[in-house]
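Undergrad: Okay, these came from Swiss-Prot:
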- 1-17: signal peptide (SIGNAL)
- 118: N-linked glycosylation site (CARBOHYD)
- 128: N-linked glycosylation site (CARBOHYD)
- 170: N-linked glycosylation site (CARBOHYD)
- 210: N-linked glycosylation site (CARBOHYD)
- 244: N-linked glycosylation site (CARBOHYD)
- 254-259: motif 'ExDxxE motif' (MOTIF)
- 262: N-linked glycosylation site (CARBOHYD)
- 318: N-linked glycosylation site (CARBOHYD)
- 361: GPI-anchor amidated serine (LIPID)
């Protein structure tokens, strides 16, 4: 790899601790040139001989926000109530520039009215495979049970710890195949396209109440999250131990928007990028050195915007609206009104090599890299 820059800085304080509370997080210089391994074949998926093969030629990517410029699915883990969701695209939005491109809404869900536009709710309630794990099905109105057809999430639906559902678009995939529109996927799942766009935005109105319904022994206890995955991942295997059953480990892209990462920091929502831009440890990823406070009793509104210049901005703000068209100035004002924020500039990377076999799992605490700690120490001493 070639690292031409690595800088961690704050917009409000020079000496920023890893546990600083903020209401907006910015990643700059997002996107790099690299490759990932795409699944080419799934064999005997419900037998002990289940296996997966990747194509011998890795998929190449480059450009602004890559590989997160590809289609993504939107994932939710409890304890969580989703009130509203919307996805947007823009021709040229640039963070901080009020005259840049406006946002056009492509998808919308509102629980109170039962509105559902270009969204499909899926959940892991399908058949179990020894190498792929549990397959996707349509989600019932409770978000976690199996349904026979596409169903809208019911108003005020609470999912508990370790329960998950995912939102795709309502555009069905064509036939499974390496060179087809959705690539290879499990033949018995409802397969849909994710949300496209280099310049895209996702908005959420949600609650993350304290867990009161499940045992503390359960995985991901009281650790809610909202995150994005390259849409190829859940269509094959989201939680497989076989490196060839998903493109995740080879770096096709994950963005954790709001994630409680361990039960001791259950009030802290972190934002993390999991690919190989500036890190060779995809499980730990590149986390912003700050957190957004989780509100246990109220409703939170916010989102993430990927702009046309390689900035990804995460925020919470009560001013967030879900209009069919949103001006650039509105998004900029939401972030500005959020108050204290932190910025992380990612390394410029070329010649990415994916060799790790680690897997994302719950309960991983954010640990700053050696370089980040060194920079923070130097900056703190400079201030003193």
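Cβ atoms here come from the backbone N, Cα and C positions, even for glycine.
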Undergrad: Do you see any of the glycosylation sites 118, 128, 210, 244, 262 whose C-alpha is within 10 Å of residue 318 (N-linked glycosylation site), and which ones?
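TA: Checking each Cα against residue 318 (N-linked glycosylation site), there are no hits.
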Undergrad: I'd like to know the mean pLDDT over the motif 'ExDxxE motif' (254-259).
TA: 99
Undergrad: Quick one: of the glycosylation sites 118, 128, 170, 210, 262, which has its CA closest to the CA of residue 244 (N-linked glycosylation site)?
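TA: Closest candidate to residue 244 (N-linked glycosylation site), judged by Cα separation, is 128.
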Undergrad: Within 10 Å of residue 170 (N-linked glycosylation site), Cα to Cα, which of the glycosylation sites 128, 210, 262 are there?
TA: none
Undergrad: Using residue 210 (N-linked glycosylation site) as the reference point, find which of the glycosylation sites 118, 128, 262 has the shortest Cα-to-Cα distance to it.
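TA: Result: the closest of the glycosylation sites to residue 210 (N-linked glycosylation site) is 262.
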Undergrad: When you tally the Cβ atoms that lie within 10 Å of each candidate's Cβ, which of the glycosylation sites (170, 210, 262, 318) has the highest tally?
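TA: Sorting the candidates by Cβ neighbours within 10 Å, the top entry is 262.
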Undergrad: Which residue among the glycosylation sites 118, 128, 244 has the fewest other Cβ atoms within 10 Å of its Cβ, if you could check?
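TA: Each of the glycosylation sites 118, 128, 244 was scored by Cβ atoms within 10 Å; lowest is 128.
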